Amino acid sequence: FSTMSRERADSQGSLGPDDEVMPYSDDETDDELDPGSDEERLDCLPFLFPESGWRVKANDRAFCNLPEFQKKYFLCLKRSKYAGNGIKTYKYNALTFIPLNLFEQFKRAANLYFLALLILQIIPEITTLPWYTTLVPLVLVLGITAIKDLVDDLARHRMDNEINNRKCEVLLDGRFQVSKWMNIHVGDVVRLKKNDHIPADILLLSSSNPISLCYVETAELDGETNLKFKMGPKVTDERLQEEDQLAQFDAMIVCEEPNNRLDKFTGTMRWRKDRFPLDLDNMMLRGCRIRNTDECHGLVIFAGADTKIMRNGGKTRFKRTKIDELMNYMVYTIFVILVLLCAGLAIGNTFWYEEVGSKAWYLYDGKDQTASYRGFLSFWGYIIVLNTMVPISLYVSVEVIRLGQSKFINWDLQMYYQEKDTPAKARTTTLNEQLGQIEYIFSDKTGTLTQNIMAFKKCTIAGHTFGKTHLWLSFHYHPQYKKPVDFTWNKYADRKFEYLDHSLVACIRSKKDKDTLEFFKLLSLCHTVMVEQKEDELVYQAASPDEGALVTAARNFGFVFLSRTQDTITISEMDQEMTYEVLALLDFNSDRKRMSIILRFPDGRIRLYCKGADTVIYERLSPNSKHKEVTQTALDMIGATAIEDKLQDGVPETIAKLAKADIKIWVLTGDKKGIVSGAARLCGGESLWNLRIRQANRRDQPPAFGRTRKKVPDPFFPEPGRNALIITGGWLNEILYEKKKKRRRLRLKRLGKRPAAATPQDAAQPIDDWEKETRQVDFVNMACECEAVICCRVTPKQKANVVSLVKKYKKAVTLSIGDGANDVNMIKTADIGVGISGQEGMQAVMSSDYAFAQFRYLERLLLVHGRWSYIRMCKFLRFFFFKNFAFTLVHFWYSFFSGFSAQVAYEDWFITLYNVMYSSLPVLLVGLLDQDVNDKLSRKFPKLYLPGQQGALFNYKNFFISLFHGIFTSLVIFFIPYGAFLQTMGQNGEAPSDYQSLAVVMASSLIFTVNMQISLETSYWTFVNCFAVLCSIAIYFGIMFDIHSAGIHVIFPSTFTFTGVASNALRQPYLWLTIILTVGITLLPVICIQFLYKTIWPSVGDNVRPAEEEEKSTPFQRGRRSRRSAYAFSHSRGYADLIASGRSIRRRPATARPNPRDSIREIPQAENI
């Protein structure tokens, strides 16, 4: 790596924060981490660890329950502030499930509305429909939702139980006993063995390795699979190796309170009248695993919810889609419309009764009620009659559609990672359509975009570069040199290692170039890698992936690291085994930026080997070194290496496709700035200075000036160009001022002092919330103008804060994707959280909404599943509102001819079954299966994704279009049959112009209209869709003839009152002609409008669809439709194979006609559609 630095100064001349340091903005900033002078440090010590702070007594469980450590948690009840080690992620238990679940469900306005409606239906003077017509659907909806919630929560219970019941050895009564994780307490001494998970945040006391060294894998914390070492204090390593010694251990640990800072721990161990400092190197955190250590002992410091991994989890947020929020507002709108309609009809009833009803003797009902009171009762009666404007089945249907869409994601074979046997997993069923509206993606780097697998690519030795690329070799060498190097001559070679430059192997095997041999000897000796033998294979465990790559490269080129002890290291040099004595080992850290080892050779020579960052090595080269640029000290430079962290397959292509879909991708990583500085050189790096200049100018303005924020802010980059923003965690705090200086403020409070006058650096502090918010808006606006945004050295909390800022000020739909526990907070904060599953741990997956194994699957998740889900849900909701408006408003028109008496226009059973059986299945299948174009074209033309980002397919405009469409349809369905019944004579001389026959004709016209309308809306036909439409119509007529039969009337005379109406009315050809006329008039305007839109104002999908038709026209597909779907359905026989194949039953045209838009399929611009 190369490191670059330059002095930075803000507008006031103060130096900026250190880019290499990761500040934990959750609790403190860079300035807070630096207490200042030695005197200030001494002043802070009593404050940092007061006697009432976090204290842990070894082998003493009763200590944690002392009264001084008790805190209130409910009313006057108290419990210990020390958490138990059991974790709880579930929401319900056996006692709270029913009341809490009902409480959550009745938060939905529709459910509460139907409960109130049920109460109204029980009142005899108001009810116009039987009470069971509302109770049965309500219980059904609540029951289905409760069962779904119960299944989800049981899965959480199982996961919690699995973790809480893991076994661990705990020191109890003087000996180690096997105990469950949930029974571990703060202060317990535990024994862990190789490959064990660490159950809590533990202070390492001793291990079986020399100097109590212990290697841990932190994959579940940070997504990195490389090993990190921990070391016990020297005093405990010497005195706490045996069981009886551990049993007598009675130290007092005084340390910081539980927090979420993964990179920091400060404490003191008081034992035998001495004090010993403790830091993060002594701590093993929950979520890690023991590696390369046979046995170790530790003291539990933080348990359960107090552990750092749990503190970094963030709060579980209830996520709701934009469509959910919009649908709720539309439900409120419908409530308002409903109340206004009912109020108008009630007023009509009042006037009608005064003018007509009270004067007609044949309408007298024996009740002495005033017209106003009758109008009041009529209002509530119409509330019941018109309640189907918001049918309760809407929410059940939405849940069914979302469940089906989630299953399609789970079944998609193109998102299945065979190498790890990992399918895609939709862990939630409530956010699918939101996947079609993503505007910003926030991604981690290590393990998410990269494989976290370092590969040795190039090296330069004594000024000669080895490692030419495949392309270079193809021009300069014989084709045989384009093949990878054959390492079969080396019995220790790693078979996975691949290298193309044959000249390096030839140089090494000739043994003529001493610099080359010395170069690889250094790589095989200067490291901290551990080795173990597995089935005659050497397995290396490295503290970092790049160090592992260098040692593996040396191994393949003949310098094989074989073993090490505390004082020696053994390697094989070109099949000759050599052992060197280790005199000193200086490990790599962020301050030194290099690693050094001092060795005694077998012949007695002493040599220092050093490797590190180029800037650090150049400063220490000898004046006589032949291969140098800067001369200061006495090292001889041998060479340099180039290592590549491999991107996952398909990452560049995925990012390019998502960018074409106008999705912006920000990278939030804990890596150092030097690793990502290349992007700044490509895109320019003056973004941050533009922001600071604008903030400085605003401070110079008068206080009253500029307090009103512009609706359209001035751009930060007036000239369009490739701008990039690379910002570190320290600068993020400096700009946004997320936290005040906590230690300084509390120390001054303790000393009884007031804050001092503002220093030049403090002058940049925001004077009020308005200025702070304005600075945040400036930062977000500037970042959104950049093509590339990379936040490096940021903490988990800062990642979540960045996501929150974009959500807050851009009102955008966000998606976060990560693979480690440090990404959990970001995943929970975003509208959609995606976890990368695989070798990097499962913490991110457990907190995510969707999970898969490779970043490249994100393209298919968004551009195919997300877009389809959004289109389907929007089409479903538009049609669902339409069909219920058309159904319900017929009652409104009928009221003008029934004295506003709240009499229903249909039969009671038709009203009950309309949304359940007669019209639900076709629209449900559209919501599940419909697609405008196939998956290949969805990915080929990313611009198809734009309507979802714009919310163009479902908004208030679409809602009112559905409303007016329903009004028009209800007008036609009522008034055409009404007009036909005015002067009607049947074939037998009888007039079928009675109310019941009119109800049957209107109901039949409605069923035909609704089912044919959904047929026109269907873009993708399968056998199942066709069957659903025909089946719905057949079920309507079958049930209608049954409930109109004489037999069922005899059994239930008061419930089934339309005896013989259907058979009598539908025998009349005149009424069939009326039905056909009604259906034709309702559908004709829709057909004309659709034709005009597709011809004059075609959508992007309409332009792309001809390309799909051409794609299908192959000789093997003549006479049938081609496959569209890539879903992997279950193996059981049924319609799943047919649905998956995408076979359409629409007939293809006999001859292909030229299409005026054919040119868009081949021209270059088509890619940008």
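From the backbone N, Cα and C atoms, a Cβ is placed for every residue, glycine too.
Values in this document were obtained by computation on a predicted structure and should not be read as measured data.
As annotated by TrEMBL, ATP binding site applies to D444, K445, T446, E547, F588, K611, T669, G670, D671, R793, K799, N822, D823.
Annotation source TrEMBL lists Mg(2+) binding site at D444, T446, D819, D823. D444 (ATP binding site): 29 other CB atoms within 10 A of its CB, across all protein chains.
Under the heading compositional bias 'Basic and acidic residues', TrEMBL lists 1-10.
Model confidence over the domain 'P-type ATPase A' (164-227) stands at 88, taken as the mean pLDDT rounded to a whole number. The domain 'P-type ATPase A' annotation in TrEMBL covers 164-227.
Taken from TrEMBL, the feature transmembrane segment covers 329-353 (among others). Within its own chain, the transmembrane segment (329-353) is flanked in space by residues 109-110, 113, 371-372, 374-376, 378-380, 382-383, 386-387, 389-390, 881, 892, 895-896, 899-902, 956, 959, 963, which lie at least six positions past its ends and keep a Cβ under 8 Å from the stretch.
Annotation comment: TrEMBL describes 373-398 (among others) as transmembrane segment.
Positions annotated as transmembrane segment by TrEMBL: 876-897 (among others). Long-range contacts of the transmembrane segment (876-897) within the same chain, counting only residues at least 6 positions beyond its ends with a Cβ under 8 Å from a Cβ of the stretch, are 323, 327, 330, 341, 345, 348, 382, 385-386, 388-391, 394, 397-398, 401, 903-906, 914-915, 919, 923-924, 926-927, 953-954, 958-959, 961-963, 965-967, 969-971, 973-975, 978, 1002, 1006, 1009-1010, 1013-1014, 1017.
Using a Cβ-Cβ cut-off under 8 Å and counting only residues 6 or more beyond its ends in the same chain, the transmembrane segment (909-929) has close neighbours at 129, 133, 137, 388, 391, 393, 397, 400-401, 404-405, 872-873, 875-876, 879-880, 883-884, 887, 999, 1003, 1007, 1010-1011, 1014-1015, 1017-1018, 1020, 1022, 1024-1025, 1028-1029, 1031-1032, 1035-1036, 1039-1040, 1043, 1056, 1139. As annotated by TrEMBL, transmembrane segment applies to 909-929 (among others).
With a cut-off of 8 Å between Cβ atoms, the residues of this chain six or more beyond the transmembrane segment (959-983) that come close are 330, 333, 337, 878-879, 881-890, 892-894, 897, 905, 992-993, 997-998, 1001-1002, 1005-1006, 1009, 1070-1071, 1074, 1077-1078, 1081-1082, 1085-1086. What TrEMBL lists as transmembrane segment is 959-983 (among others).
Residues or ranges marked as transmembrane segment in TrEMBL: 995-1014 (among others).
Summarising the annotation, TrEMBL assigns transmembrane segment to 1021-1040 (among others).
Taken from TrEMBL, the feature transmembrane segment covers 1070-1093 (among others).
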Among the ranges 373-398, 995-1014, 1021-1040, the one whose Cβ pairs under 8 Å to the transmembrane segment (1070-1093) are most numerous: 995-1014
Cβ contacts under 8 Å made by the transmembrane segment (373-398) with residues that lie 6+ beyond its boundaries: 108, 110-111, 113-114, 117, 120-121, 123, 125-129, 134, 137-138, 140-141, 144-145, 327, 331, 334-335, 337-339, 341-343, 345-347, 349-350, 353, 873, 876-877, 880, 884-885, 887-888, 891-892, 895, 900-902, 904, 911, 914-916, 920, 923-924, 927
Cβ atoms near T446 (ATP binding site) (within 10 Å, other residues, all chains): 23
Same-chain residues at least 6 beyond the ends of the transmembrane segment (995-1014) whose Cβ lies under 8 Å from its Cβ atoms: 879, 882-883, 886-887, 890, 905-907, 910, 918-919, 922-923, 926, 969, 973-974, 976-978, 980-981, 1029, 1032-1033, 1036, 1040, 1058, 1061-1062, 1064-1066, 1071, 1074-1075, 1078-1079, 1082-1083, 1086
F588 (ATP binding site): tally of other CB atoms within 10 A of its CB: 19
Alpha-carbon spacing, T669 (ATP binding site) to D819 (Mg(2+) binding site), which is rounded to whole Å: 12
Spatial separation of D819 (Mg(2+) binding site) from T446 (ATP binding site) - C-alpha basis, Å: 8
Protein Cβ atoms within 10 Å of D823 (ATP binding site), excluding its own: 35
DSSP helix/strand/coil residue counts for the domain 'P-type ATPase A' (164-227): 11 helix, 31 strand, 22 coil
